[in-house]
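Shown next, in structure tokens, is the structure this report addresses.
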């Protein structure tokens with residue numbers, strides 16, 4: 001074996017006949033390719049064997065090999081090794097590769113080697129922007145963007161705090177929260193707490209895992225599986241019972257109603273003799289498998305994600321009729337689609353298929369489950385937001401769906417509507433067996449998988465403990481030399497950094513001195529400017545003082561002129577008021593004289609008629625009392641009948657009003673429910689449009705970068721044809737997205753028109769009811785008025801003496817504005833006839849005129865038909881000359 005220098009570093013060289021030929025190849029691969037080194041790093045598993053064999057050091061930095069011993073270990077014991085790979089979007093470090101770059105093909109995750117020694121027992125779970133892993137000790141590690149910490153991205157796995165004494169068995173990740181199950185059946189959740197999705201009895205956020213105690217611990221319920229959706233969480237107990245919590249506006253809780261918030265886990269009603277064995281959550285829908293192999297789904301039904309043959313939502317569990325004849329063992333839910341694996345290892349898909357995530361060879365939605373004919377002998381399935389995966393019995397990985405972030409792993413960034421084989425062996429490495437994928441997990445835009453790798457058959461034959469020991473010693477020498485070079489480079493970098501710091505300090509000192517000088521000059525210039533400003537301000541103040549003095553003089557002149565003008569105006573007004581007062585005094589004196597003469601005449605008339613008035617009043621008192629008693633009895637009967645009829649009408653109107661109010665409330669509730677559904681649909685559509693727009697913008701940016709890098713290079717006919725095909729495919733996808741958006745907008749406009757028509761009908765009914773109530777009220781008032789006219793009591797015709805007294809009262813009583821009006825008035829014609837016939841000697845002689853009834857003052861405006869007998873008064877012959885006072 002020889003040694004030679006290359007770039008100042010020592011490398012081990014072996015001849016073809018030497019047994020260390022394989023060692024030199026591994027050493028060179030270690031320095032140039034970390035992926036190949038990790039792929040063949042089976043020495044990690046043989047550390048214990050190397051420690052059992054004695055290695056005696058001969059000089060510093062080297063070791064001598066002991067004599068070979070007979071070891072019964074065969075080459076098949078060192079046949080395979082485990083590895084974990086990730087691909088897709090790494091914008092927030094969710095790939096675990098230490099950076100934020102995208103990967104279009106599977107790349108080795110070396111960071112997982114420091115959290116576990118057995119990759120075969122690692123459980124992976126991918127969320128939207130993060131990834132979690134559970135090692136063989138039950139410890140939880142996380143990397144990527146945490147839901148409650150948007151300030152930083154974790155690019156290497158970090159252990160979750162707060163779970164030191166908890167052994168985790170399984171977990172699930174949602175877009176904003178996470179949940180896990182321990183070995184003793186306890187449930188821990190943390191993340192965003194809106195809508196009560198964490199199940200702690202409130203909507204507060206949790207920055208560390210908290211155990212759910214309110215429901216499970218108090219009732220001794222043990223959980224074996226948990227599933228997280230966008231705003232809800234499902235819990236499967238060991239006895240097959242199902243619990244849910246969180247937001248249920250789309251019915252995804254399965255409790256039989258649409259609720260905005262359920263802060264504590266509640267039991268999901270299940271059909272009789274039904275026990276769930278597996279559950280899964282999508283964004284806004286849920287699914288589960290029962291012990292008989294039947295599949296039940298519930299939640300939002302848009303795009304057929306429930307598999308019931310329509311797009312209706314269901315708030316309670318419902319069996320999928322399309323899978324009743326198939327025994328399903330497991331299932332997985334994506335953003336709006338689902339996959340189911342049957343006992344005969346067939347895969348069925350249904351739901352949203354715009355990006356080909358159903359794997360049916362098209363980009364159409366499927367309202368019922370359909371088998372994926374391209375897949376057979378499948379034993380593992382997984383769903384991401386817009387892509388899907390399946391693993392066969394032989395460990396072959398197939399993926400399909402949305403791939404613009406490279407999450408398909410096929411080496412390109414385009415969508416695939418049929419299953420594509422992923423993670424295959426390159427052509428130059430055909431002698432190496434393909435990897436055997438054991439576990440796959442998908443997130444929103446990235447993927448991770450655990451695989452069992454095989455070794456080349458020639459290397460397997462040459463693999464034995466001696467070659468392994470020689471390779472270990474050579475690698476140790478190489479690593480020590482490499483570490484020494486790294487330390488030397490680090491020391492040189494430190495010295496360079498110190499010298500650079502000294503130069504920077506000197507430059508900063510000189511810069512500080514220049515800044516001080518510049519500051520002094522600026523201060524002097526500022527003082528000069530301040531003095532100039534003070535002088536200018538003093539000049540302006542003097543100018544303002546002169547202007548104020550001139551304005552004061554002008555104001556004095558104006559005040560004097562205005563005072564003289566006001567005095568003249570007030571003197572003129574005083575003279576006018578004095579003349580008006582004298583005129584009013586003269587008119588008042590004349591009015592008082594006229595009133596005095598009128599009062600004297602009225603006093604004379606009163607003395608003349610006082611005796612006749614007293615006699616007539618006593619004679620007619622009994623007759624009036626009888627008439628009043630009869631009239632009051634009839635009036636009470638009429639009022640009772642009217643009150644009873646009015647009460648019946650009011651009860652009927654009140655019943656109609658209550659019915660109208662109930663109908664209006666029902667319509668308003670329906671309108672609010674429709675508006676809530678429309679708002680939820682608009683929010684989901686807007687979120688989907690933003691995601692599509694973001695992905696297209698990223699794709700356009702990458703294309704622009706590629707175009708900028710390719711400037712100056714000639715394009716061939718093949719590249720032009722491929723670019724033309726990509727452009728046609730891109731135009732087709734854009735047109736399809738635009739058609740879907742137009743269809744959703746037409747549905748929204750149609751729903752809004754229907755709601756407006758319903759609101760208009762409700763308003764018209766309410767207006768008709770109000771008009772009907774007003775008409776009934778008006779008719780009631782008219783009816784009361786007519787009844788009052790008909791039910792007026794009949795009063796006999798008064799005697800001549802009473803007519804004389806009434807005529808005197810009618811003539812002498814003057815109704816002035818603001819004075820109370822008399823309660824009764826008589827017919828002036830009848831009064832005049834009485835005055836003509838009555839003589840001083842025979843005042844009580846009756847007349848032949850027909851008798852009339854008294855009416856109230858407001859009824860006098862009507863015609864004389866208001867009398868109860870309906871007869872008209874006869875016209876009396878009125879004498880010429882004379883007045884009432886003379887007749888008396």
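Sequential numbering from 1, following the chain as shown.
Including glycine, each Cβ sits where the backbone N, Cα and C put it.
The model shown is predicted, which means the values in this text are computed figures rather than measured ones.
What TrEMBL says about this one:
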type     : residues : note
COILED   : 643-677  : coiled coil
COMPBIAS : 732-741  : compositional bias 'Basic and acidic residues'
COMPBIAS : 864-888  : compositional bias 'Polar residues'
DOMAIN   : 84-449   : domain 'RCC1-like'
REGION   : 703-741  : region 'Disordered'
REGION   : 845-888  : region 'Disordered'
REPEAT   : 82-137   : repeat 'RCC1'
REPEAT   : 138-184  : repeat 'RCC1'
REPEAT   : 185-239  : repeat 'RCC1'
REPEAT   : 240-292  : repeat 'RCC1'
REPEAT   : 293-344  : repeat 'RCC1'
REPEAT   : 345-394  : repeat 'RCC1'
REPEAT   : 395-453  : repeat 'RCC1'
Positions on the same chain near the compositional bias 'Basic and acidic residues' (732-741), where near means CB under 8 A and six or more residues out: 354, 363, 415, 685, 689, 692
Highest-contact recorded stretch vs the repeat 'RCC1' (395-453), from 82-137, 138-184, 293-344, CB pairs under 8 Å: 82-137
Within-chain partners of the coiled coil (643-677) [C-beta distance under 8 Å, separation at least 6 from its ends]: 249, 751, 755, 758-759, 762, 765-766, 769, 772-773, 776, 780
Per-residue pLDDT averaged over the repeat 'RCC1' (240-292), given as an integer: 94
Counts of helix, strand and coil residues, the repeat 'RCC1' (395-453), according to DSSP: 3 helix, 27 strand, 29 coil
DSSP-derived helix, strand and coil totals, residue by residue, for the repeat 'RCC1' (345-394): 0 helix, 23 strand, 27 coil
